[in-house]
Amino acid sequence: MSRQAPSSAQKVDPKKAPPPPPPQKGPKPFNAEDYAKPPHLTKEEVLEVKQAFDIFDNDGSGSIDPQELREAFEASGIKTYHNKFIYQVLGELDTDNSGGIDFEEFLHLATAKVSDKDTREQIQKVFNLYDWNKEGRITWDELKRIAQDLGEEMTDEEIQHMFKKADLDDDGFVTFDDFYNLMTQKEYGKQ
């Protein structure tokens with residue numbers, strides 16, 4: 001008598017059964033409730049921030065990479081001639097050093113409570129982005145370059161007027177204190 005191979009209908013020894021397939025990897029489905037922290041942030045507010053994040057995250061990777069950041073600036077009318085600018089901004093926002101801005105970092109940026117101390121620190125970061133010489137002051141040439149990078153079509157006279165308005169202590173430079181007071185609309189010397 002010949003032996004036949006077991007048919008698929010016959011039982012297979014469970015010890016010899018192939019292992020189940022591993023769980024599929026991929027982005028975890030977004031759940032706004034994971035980020036909502038009442039009373040400070042509602043689910044609806046998280047969803048609004050997520051919609052804004054998705055506009056910047058063109059490839060749906062869950063992270064805004066340098067190219068997407070550049071595209072976001074350019075779509076906003078800010079010309080980015082220098083990669084250094086993009087990487088400086090990215091460096092300020094990418095708190096986990098992943099090379100991109102994930103939703104949690106974006107949410108923190110979008111919803112951070114602004115205290116006077118935070119405002120000063122944030123304004124210092126913006127000032128540092130434009131203080132290309134790292135001298136602690138912005139020159140007329142740097143201000144002209146800022147206007148060009150932002151896509152502003154201004155004459156030298158208009159830039160000079162803006163510079164004089166920003167140079168509150170009339171020392172020929174826009175110092176951080178000048179910049180801070182201008183941005184917060186505080187009178188010079190009162191902090």
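Yeah, the Cβs are placed from backbone N, Cα and C, and that goes for glycine too.
Quick look at what TrEMBL annotates:
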- 1-10: compositional bias 'Polar residues' (COMPBIAS)
- 1-41: region 'Disordered' (REGION)
- 17-26: compositional bias 'Pro residues' (COMPBIAS)
- 44-79: domain 'EF-hand' (DOMAIN)
- 81-116: domain 'EF-hand' (DOMAIN)
- 118-153: domain 'EF-hand' (DOMAIN)
- 154-189: domain 'EF-hand' (DOMAIN)
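When pLDDT is averaged over the domain 'EF-hand' (81-116), the result is 80.
With a threshold of 8 Å between CB atoms, the same-chain residues lying at least 6 positions outside the domain 'EF-hand' (154-189) that come near it are 119-120, 123-124, 126-127, 136-140, 143-144, 147.
Only residues 6 or more beyond the boundaries of the domain 'EF-hand' (44-79), in the same chain, are considered here, and those with a CB under 8 A from a CB of the stretch are 27, 30, 32, 35-36, 86-87, 89-90, 98-103, 106-107, 110-111, 148-151. Under DSSP, the residues of the domain 'EF-hand' (118-153) split into helix, strand and coil as follows: 23 helix, 2 strand, 11 coil.
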